[in-house]
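See structure below.
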């Protein structure tokens, strides 16, 4: 008898104890869960970048499909590469323009600091005309800021060691953000290139694990993410256009740059408020126009409150077929829990919750 036959007959011996199929399944599940947990632990630093890539790929997939169909088979690499680079430019170009403006103003800032050391900060002419507290504020300004000796004493209180530590931590944080951005762009390119294959495999996996209800839940989740992204982008563009017009009317320096930055920063939590405060401050400090600054602040606050808490939830809820209250809770609660990612994940979770509730009600009625 051959050795192989002897081994086969030995394994086929009915007297040999065999592992129960249920135990084997449990072991496979445990090993698979351990591998997934280990992979998540290793990739945790890049998890936000990967989730961002998935969200952007889901949101832009219909548009990408239309553009990729124009190039045919030749666009299998070129189309996702160009699409990824174009999306990157929407983030990088406004940031570079803003940094350039800041760099151009650094020379004037240094000259102003030298002047402040000699002459102090002159009180603005409108300060004393403020009602009730104008005279007191003007007197305090002249005693503490207009006096160069008092200003130098205040500047000496600055802890240079803490400032150097803060600058070093800021540099490390910026380097980490650049690495996350590059990781996100690479993951986005792969998701666009292999999106159809990845979507099919993931859909089959969910169907095998959770059945048809799980597949419907996945479709609802994806549709909610896409609707949230479309509604957010539409609201951001509207904000950028409205504020660009307001910046032109009130005389804000560089209104086009401020308007484009407003449209970009509107996606970030409280980003639009930062641009509004900066533009109103520029009117007050650079143009010495307190009325225009106050008017822009009041008008901008009203626009942002209406857009953030009424128009944007309506846009998202209409596309995702979600009630207004669930959309509002998903947006605000998601951003409080997950940051900027929560803006997209929060409404999707609310949509999944609504889908599960409808499935339970349908099952109980039947």
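Placement of Cβ uses the backbone N, Cα and C atoms for every residue, glycine included.
Per TrEMBL, the features are:
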type	residues	note
TRANSMEM	25-43	transmembrane segment
TRANSMEM	49-65	transmembrane segment
TRANSMEM	77-99	transmembrane segment
TRANSMEM	178-200	transmembrane segment
TRANSMEM	227-249	transmembrane segment
TRANSMEM	256-283	transmembrane segment
TRANSMEM	289-307	transmembrane segment
TRANSMEM	314-332	transmembrane segment
TRANSMEM	338-356	transmembrane segment
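Relative to the transmembrane segment (256-283), the listed stretch 227-249 leads the set 49-65, 227-249, 289-307, 314-332, 338-356 in CB pairs under 8 A.
Spatially, the transmembrane segment (49-65) is not adjacent to the transmembrane segment (314-332); fewer than three Cβ-Cβ distances between them are under 8 Å for residues at least 6 apart in sequence.
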